Every structure is written in structure tokens, then in C-alpha cells.
Amino acid sequence: MKLDDLINGVVFLVLGIGIVAYAQSLPTMAQIEYGPGFLPSIVGTGMALAGAALIIARIWKNVGIVDGWFAFNGNGLRGLLGVGIFLAAIVFYILTADTFGFLIVAPILLFVIVYWFERRWKLAITVSIVGTFLLHTFFYQIMKAPLPWGILIEYSGALTW
Amino acid sequence: MVAYDSLMLLLEPTTLAVILGCAVYGLVVGAIPGFTATMAVALLVPMTYFLDPVPALAGIVTLAAMAIFAGDIPGALLRMPGTPASAAYANESYLMAKRGEAETALGVGLVASALGGVFGALMLIFAAPMLAEISLNFSSFEYFWLACLGLVAAIAASNSTPAKGAISLFIGLTIGMVGLDPVMGQQRFTFGNINLIGGLAFIPVLIGLFAVSEAFRFGAKPVERPDILPMSPKSLFVGVFSHVRRLKWPVLRGSGIGAVVGAIPGAGADIAAYISYAVARRSSPRKAEFGTGTVDGIAPATAANNAAVGGALIPATVFGIPGDSLTAVIIGVLYMKGLNPGPTVFIMQPTLLYAIFIAFLIANIVMVPLGFGAIVLFRRILSAPPGVVMALVTLACIVGAFAVENTTFAILVMLAAGLLGFYLEENDFPLAPVILGIVLGPILESTFLASLAKSQGSFIEFFSRPIAGSLGAITIAIIVVPLLYSTLKRRRRKI
């Protein structure tokens with residue numbers, strides 16, 4: 001999603017000013033002249049100035065112009081949906097993994113992504129099963145990362161190979 | 001004795017298996033256009049979290065060395081460099097491949113890469129301890145300026161405009177400030193969220209910026225691959241050694257350039273390759289052949305980008321100052337493994353550190369047979385359906401971010417960092433300064449405050465020590481000189 005540099009500049013100008021304002025709200029100590037707000041003030045000021053520089057370059061030198069203020073550098077609607085698939089897959093995992101467990105959510109996620117891009121359902125099913133098996137084996141069984149079991153908790157013993 | 005102990009550490013079966021696995025992984029990822037070496041490392045970091053320091057870091061440096069070489073293969077056969085480091089001479093090797101000389105281009109490239117990598121590793125083994133000895137006398141003033149130099153150079157070396165580089169850097173510094181401040185333990189940018197008190201975890205941010213953003217980019221527009229040019233692996237080494245013997249001095253010079261450029265904070269393997277290519281072109285007796293497809297251009301440049309990896313590890317281990325985004329990640333892993341980079345690590349834990357250095361040296365030697373295998377299997381590597389690769393990458397990102405933090409919040413952080421990385425890259429903001437800002441921000445703040453406390457608030461002290469003063473002058477020059485130059489140029493144009 002490419003934005004016109006005027007928009008990018010304004011975003012960082014405002015964000016920089018916001019950081020400076022926030023830094024002023026941080027407490028200071030009498031003995032220490034440079035407290036917790038010191039670096040945020042510098043960073044905020046720098047960001048605001050760099051944002052302003054983007055705006056100036058855009059207006060004076062016509063740098064970073066995008067027709068219609070923003071452009072999508074992708075394959076149209078299909079590209080947008082392609083980004084959406086990955087976004088939705090991660091959000092889906094966040095929302096459902098604790099309830100349903102890794103072994104149910106991961107194959108669904110893999111199937112949807114592979115099927116969307118490859119349009120081969122046999123391949124998508126194979127990858128979803130083998131991929132889940134490999135990642136679960138590596139992270140849960142070998143690396144001992146506590147991947148969620150969800151509703152499969154009662155079968156965790158049988159499902160640990 | 002230290003060398004022997006280090007070697008023994010490396011010869012443990014787990015370590016050897018990790019090194020071999022990382023070598024193969026690095027060659028595969030580096031050979032696929034569109035995947036960066038940093039992305040490969042970002043995905044590997046959560047796995048190394050569960051390993052001992054030596055296999056973890058030996059694996060990462062091996063991966064880095066292999067990925068940089070493997071980028072040459074699609075450069076020659078597809079005209080698409082696998083990593084940015086191969087871009088300088090991708091055209092040269094592609095033109096050779098088009099003439100039916102792909103075997104020579106890749107064979108010479110492989111041997112020169114290995115030679116450059118070995119040179120960089122030897123520089124690292126011998127120069128880093130010497131530099132560490134000198135830097136034992138460094139105080140917070142020198143470290144402050146080194147951190148500043150790293151940050152400023154990262155902006156100067158980025159391919160974008162200085163304003164965009166600076167914004168990337170400030171974003172990184174802001175991310176690094178989330179959590180408790182180093183002076184008062186005051187919460188900053190946490191907005192009452194208890195998950196943020198400990199700061200934004202490094203690994204989920206790293207995975208988001210470099211791997212999840214890659215998935216979004218793939219979703220928007222999958223990389224289109226042209227047809228692979230033909231190549232016969234059987235004749236890969238035919239005539240290669242006579243070329244390498246003829247080009248021994250340019251390769252050595254390229255390796256030297258690579259190691260030095262790599263060691264400069266902010267300049268990475270890609271810049272080293274460009275400089276080495278330009279120097280080789282200027283000093284070659286076969287100048288006219290450059291640009292038409294010649295090994296005389298490929299060998300010195302590919303030696304330089306591999307030597308640069310070793311060079312970049314020098315400031316990373318001695319000062320904790322990263323040369324590029326790859327070494328910024330390595331520094332993050334060093335901290336994670338309790339091997340806090342700095343001169344004292346050479347005294348306190350020399351065996352562990354030398355084991356990593358020796359692993360890097362060995363990686364560059366075994367690059368020849370393993371690289372040969374990658375060239376032979378390139379067609380097969382590329383036949384992996386990209387949708388399958390990206391689906392597995394996405395799930396590995398999720399599991400990796402979760403595994404190191406044991407909280408779903410880490411996946412949320414990863415997703416936010418992924419969206420940020422996607423937005424930044426789409427709008428030509430460089431990613432390297434972000435990661436450098438995250439790593440160097442806390443060092444910058446703590447060394448600045450410690451220095452001010454020592455000098456009782458006087459800024460003159462920042463310049464009164466000779467090394468600190470010189471580093472300060474270089475840092476300021478990097479900011480001021482380009483500004484003065486562009487102002488003078490504008491004035492001259494008006495006159």
C-alpha cells in the first residue's frame with residue numbers, strides 16, 4: 001500500500017509531535033536533569049522534523065507523488081485478498097488456537113493458504129497434515145514449546161508421538 | 001588451548017547437526033529469489049532460543065555465509081539475485097550464462113566466495129581480539145559515539161532518502177523505548193498494558209518485520225520467475241581453477257575491501273560487492289569485457305560480499321555495534337544467550353566466542369561442496385510451489401513468536417510488526433535502520449546518561465578523549481558533509 005509522501009510526512013510529523021507531548025508527561029527527578037523523557041523527546045523531535053522534510057520534498061521537489069494519494073502495488077483485488085489471507089490466517093490463529101488447539105487450527109490455516117495460492121486441494125491437504133506434524137514435532141516435542149492443546153487436551157497423551 | 005577447546009565444542013554431534021542443517025537451510029532460502037538472508041535468520045532465531053549458545057550462534061553464522069553465496073545462483077540463471085548482496089554482479093553472471101557459460105560463472109563464483117569468506121573469517125579471528133584489547137580502555141563516551149556512528153551510518157548507507165532512513169531509525173528507537181526506562185524504572189509507551197512492561201520482545205518484532213512482511217508482499221504480488229537458463233553441473237569446475245589462479249590478486253583485493261567495508265557500521269555485504277566490482281573494473285587489464293559477462297567482474301565482487309560477513313562480525317562482537325541488519329540480529333542472539341558482546345567477552349568466555357568464529361571459518365570452507373550441491377539441485381529447489389513455502393513460513397512465524405514468549409500477545413506483536421514492515425517497504429522506508437534502532441537504542445540511552453553523570457552534565461567531555469572525540473567528529477561529519485555538499489551544489493547551479 002503505497003501512500004503519497006505528503007500523507008507519510010503528515011503521519012510522522014503528527015506521530016513525532018505526539019511522542020514529544022507524551023515525553024513531557026513523564027516524571028523527572030530533581031537530581032537527574034535527563035530523565036525518562038529525554039530520549040523520547042529527541043526521538044519525537046527527530047521524527048517530526050524528518051516528517052516535515054518529507055512534506056517539504058513532496059511540495060517543492062515533487063518527490064514521492066502517488067496518483068490519487070495511494071496506490072496498491074499488487075495484482076488488483078486478488079492481490080488485496082492475498083494480503084488479507086495472511087492477515088486473516090494470523091488473526092484466526094490468535095483467536096482460536098487456545099480454544100481449539102494447535103493440531104486443529106494449524107492444518108486449517110495451512111490448507112487455506114496453500115489452496116488459495118496453488119488451487120490444488122490434494123497438495124493443500126498433504127501440506128496441512130505434513131506441515132502441522134513437522135512443526136508440532138519440532139517445537140512441541142523436541143523444543144518443548146507449550147503449543148496449545150485446546151479441546152484436544154484430553155487426548156494430549158495419545159497425540160504426543 | 002582455547003582454540004583446541006573451541007574446536008572440541010564444535011565437534012559435538014548436536015552442534016555439527018545444527019551447522020549442517022543451517023547450511024542446507026541457508027543455501028535453499030538464499031537461492032530462492034525474494035527471500036532475504038535476514039528473513040532466513042529471523043525464522044531461525046526462535047529455534048536457536050532452545051539451543052546452547054555455541055550451536056545456536058554457529059548455526060546462524062553458517063546460515064549467513066551460505067545464504068550470501070546462494071544468492072549468486074538465481075542471479076546467474078534467472079537474472080534475479082537471491083539476496084541484495086549478489087545484485088552488483090548478477091548481470092555479469094547472467095550474461096555469461098546466456099552465452100552458455102553458466103558453469104564457469106557459478107564455479108568461479110563459488111570458489112571466490114569461499115576464498116572471500118575464509119579471508120573474512122581469518123580477519124575476524126585475528127583482528128577482533130586485537131581490537132578488543134584496545135577497546136578495553138573504552139568508556140561510556142566511546143560506546144556512546146560508536147552507537148551514534150552505527151545509527152547515522154545505517155541511514156547514510158540505506159538506499160532511500162535520508163529523511164526516510166531517519167524515520168525508520170526513529171521508529172526503531174521508539175520500539176526500543178517501550179517498557180521500563182534505564183534511569184528511574186519508569187514505564188514508557190506501555191499505556192497501562194502489563195504485557196508491554198518488559199518491552200516489546202525482540203524476536204516477535206524481528207520475525208514480523210522481516211518474515212511476516214515478506215508473506216504480505218507475496219500475497220499482494222507473488223514473485224514471477226522467468227525460465228531458468230540451462231546449465232550442466234558436470235562441467236562446473238572445468239577451467240575454474242585456472243581462472244581463480246589468474247584472478248588471485250583481484251580476489252584478494254576484493255576480500256580485503258569486503259572485510260573492511262563490512263566492518264564499517266551501516267555498510268553491509270551489498271555495498272562491499274558494489275565497491276569491489278567498481279575497483280576491479282577500474283584496475284582490470286580486461287576493462288572492455290566488463291558489462292558483457294566476465295568472471296573478472298564476478299570473482300572479486302562475490303569474494304567481497306562473503307568477506308563482508310566476517311568483517312561485520314568484528315564490530316558486532318567487539319563493541320556490540322552491528323554492521324547491518326543481519327549482524328543486528330546476531331547481536332540480539334548474543335545477548336539472548338548471555339554472551340553480551342563487548343571486549344570483556346573475549347576475556348570471560350573466549351572458548352565460546354572462538355568456537356563461533358571457527359564455525360564461521362569452517363562454514364566458508366564446506367561452502368564449496370555444499371554450494372556445489374545447491375547449484376546442482378537449484379532447479380529442484382525452485383520447483384517448490386511458492387504458496388506451500390509461504391504457508392509454512394507463516395505458520396513457522398506464528399509458532400516461533402509464540403514459542404519464545406509463551407504468550408499469544410507475542411503473535412499480536414509479530415503481526416503488528418509485520419504490517420509495519422510491509423507499510424515501510426512499500427513506501428521505500430528502509431528496514432535495516434529500524435532493527436539497528438531497536439538494538440542500539442538502549443545502548444545509546446544508557447551510555448549517554450552514564451557519560452553525562454560522569455562529566456557532571458558537561459558536553460565537552462564527549463569530545464575530550466581522543467578516540468571518543470574522533471568517533472564524534474566522524475559521526476557529525478557523516479551528517480554534516482552531505483548537507484554541505486548538496487547546499488554548495490545547489491548554490492553553484494544557481495550561479
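One is the number of the first residue shown, and numbering goes on along the chain from there.
Even glycines carry a Cβ here, placed using N, Cα and C.
Keep in mind that what you see is a predicted model, and the values were worked out from it rather than measured.
Taken from TrEMBL, the feature transmembrane segment covers A:6-26 (among others). Within the chain, the transmembrane segment (A:6-26) has long-range Cβ neighbours (under 8 A, six or more residues past its boundaries) at 35-38, 40-41, 43-55, 58-59, 64, 69-70.
Across the domain 'DUF1468' (A:7-148), DSSP assigns 107 helix, 2 strand, 33 coil. Taken from TrEMBL, the feature domain 'DUF1468' applies to A:7-148.
Annotation source TrEMBL lists transmembrane segment at A:38-57 (among others).
Taken from TrEMBL, the feature transmembrane segment applies to A:77-95 (among others).
Marked as transmembrane segment by TrEMBL: A:100-117 (among others).
Here TrEMBL flags A:123-143 (among others) as transmembrane segment. If you look at the transmembrane segment (A:123-143), the same-chain residues 6 or more away from its ends with a CB under 8 A from one of its CBs are 102-103, 106-111, 114-115, 160-161.
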*Cβ-Cβ under 8 Å with the transmembrane segment (A:77-95): same-chain residues at least 6 beyond its ends*: 105-106, 108-109, 112-113, 116-117
